[in-house]
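See structure below.
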Amino acid sequence: MNLEIQYQEFQEEKINIPTINTENVINGNHKRSSIFRLIQYSLQYKLLLVFGNLGLLITSVSMVALPYLAGKMIDSITKSNSKENLNFLTLQFIVLTVVTAFFTFLRTYAFSILGEKITFHLRNELFQSLMLKDIEFFDSNRSGELISRLSSDISVINKGTNDSISTLLKNAIQVLGSLILLCFISWRLTLVLFCVIPPSTIMAIVFVKKYKQLRKEYQQSIAQATQIASEVLSNMRIVRSFSTEERESNSYQKANQIVFTFGNKMALLGSQFMAIGIVLAYAVILAILYYGGTLVIDGESTLGDLSSFVLYTLTMTISLLALSGTMNEMISAAAVSEKIFDIIDHPVKIRNGSVDASNITGQINISDVTFCYPTKSSVMSLKRINLEINQGEVVAFVGQSGSGKSTIVQLLQRFYDSIQGSILFDNIDIKEYNLQQLHKQIGFVAQEPTLFSGTLKDNITYGVDTFTQEDIDNAMKLANAYDFVTDLSIFPDGLETIVGERGVKLSGGQKQRIAIARALIKNPKILIFDEATSALDSESEFQVQKAIDGLVSSGQKTIIIIAHRLSTVINSNKIIVVQNGYIVEQGKHQELIEKNGVYKQLIERQLQ
Ligand SMILES: Nc1ncnc2c1ncn2[C@@H]1O[C@H](COP(=O)(O)OP(=O)(O)OP(=O)(O)O)[C@@H](O)[C@H]1O
């Protein structure tokens, strides 16, 4: 896989990947400000900080010294008329310029790499934290927004951290250094300058506040547009078949229009600020030239001093403007990083247990379980469920749509915790088990077979660390997938066939059988089929059902089937009828028919 090759190259380059504190990710116990946390990341790269700061210090000092030298050169021209002195000063100027250029390179490069490392670390940490979030988190956070956090938001942080840190510090030092030298050259001219600083500062504060708010809204609108695009692009077949291309284009355009509106407002505000800043800057220069000029004419100052003063004022003004621009980028980065840290810190409720689950037998007891989805807490999806599933049994859940069947199997995989009651595997509470091991013992085949974009082999072996070709072949045979995968007229590349995004190059039945092979290769003790055949045509259904029947008749695993077509569950050891979140009947097919209750009604309705 491409990613693997890149990763290997990356390892060879020996780029240090900072370790992520998973305990913090799970506990969500960060309380510090996002800026402080970004700084903390940078502290991990001490060498870069040393080089960056060294460059920063030297360039800042040398850039503050250059106007002073320029003043001295002017004085040497106007006062001493000595070429020797001028040559010496020129040499000093050249040396200082070369030193400034070299250390500017060092500073910019070190801080840029530092910014890249921070965003690299942050992107990894964000993705890893997403991998650890509860399923509940994904019920309430849209995938488009999360993707936006990972892509555009992190880019904003990159912009706001890499060169910005150095530019900010350099400009801050230049402002301070220039100010000190201004006072040193002429306190009277410095006083003139100070008349303009307070109004500029107030203006900058007001601007920054407004800009920050706009930036936040801008980011939100981008996330919304991304959400629309990702949803539409991943459902392109539905869009085409319903001919909703225009409608979707319009809704994307509307979302994009909102992005544009906020972008526009930001551009207007930024430009206004720049324009006012320039007016203020030139007003200051004019005042200094006029007042300073009179001081020179009166013999109270030299032309060199006035030139140095003007150059320092220019340096300071330019640095102040650059400072505010950099501040904007950093403010955006701070706003965005706040959102990213909010996600990273979102606490994980489902805590992992420590009991080894690798030897569970497949015996399950559900006792008095009541559950509501966190995003729908007013409605109980399961009510006082009691159920015993023995090792090797085939248990079928039937009932109307929305009755709670899938919810039961979600709880069996601990995607959520029940709000009351308990689920036991081999008489040990599910909460006590190590979840990764437990999931290895449960094979799950969902209604919508979801494949990843690698090869057939990548998909079948998804989640297993060690396997042989024999393991793959066995899983494919049990899943009734062997024949079509090895038929070179269907898949010339066999197991190495690239399946396309979400398996688009496969038929529904083929995808489902690959999904079954994927569930089987890990040889789980429990197999769950959540309406695995309901989305298929009759031929595909027949093929998939054949695979399921083969597994059922082997009698080695506990099999849980959710089925709409009741003909597929007649031979189950136990049929559980779910209605409105309650288990209303359970027993074998014949017993339930004789009971003449809900199950019989379901059967009769299907026969009509
Ligand atoms: N992620 C979720 N968030 C909030 N409510 C949910 C979620 N998933 C399901 N529900 C609700 O829980 C109830 C039970 O849903 P469940 O999916 O378990 O039904 P089901 O019997 O499997 O239905 P079907 O046969 O149509 O798949 C329904 O009212 C449904 O709206």
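Keep in mind that glycine also has a Cβ here, set from the backbone N, Cα and C atoms.
Some features that TrEMBL has for this protein:
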| type | residues | note |
| --- | --- | --- |
| DOMAIN | 54-332 | domain 'ABC transmembrane type-1' |
| DOMAIN | 364-605 | domain 'ABC transporter' |
| TRANSMEM | 47-69 | transmembrane segment |
| TRANSMEM | 89-110 | transmembrane segment |
| TRANSMEM | 168-185 | transmembrane segment |
| TRANSMEM | 191-208 | transmembrane segment |
| TRANSMEM | 273-291 | transmembrane segment |
| TRANSMEM | 303-323 | transmembrane segment |
With pairs restricted to those 6 or more apart in sequence, evaluate whether the transmembrane segment (273-291) and the transmembrane segment (168-185) have 3+ C-beta pairs under 8 Å. no
Beyond the flanks of the transmembrane segment (89-110) by 6 or more, those residues with Cβ under 8 Å of it: 48-49, 51-52, 54-56, 58-59, 62-63, 65-66, 69-70, 72-73, 76, 163, 166, 170
Same-chain residue ranges lying at least 6 outside the transmembrane segment (168-185) that approach it to Cβ under 8 Å: 53, 56-57, 59-61, 63-64, 67-68, 71, 107, 193, 305, 308-309, 312-313, 315-316, 319-320, 322-323, 326-327, 330
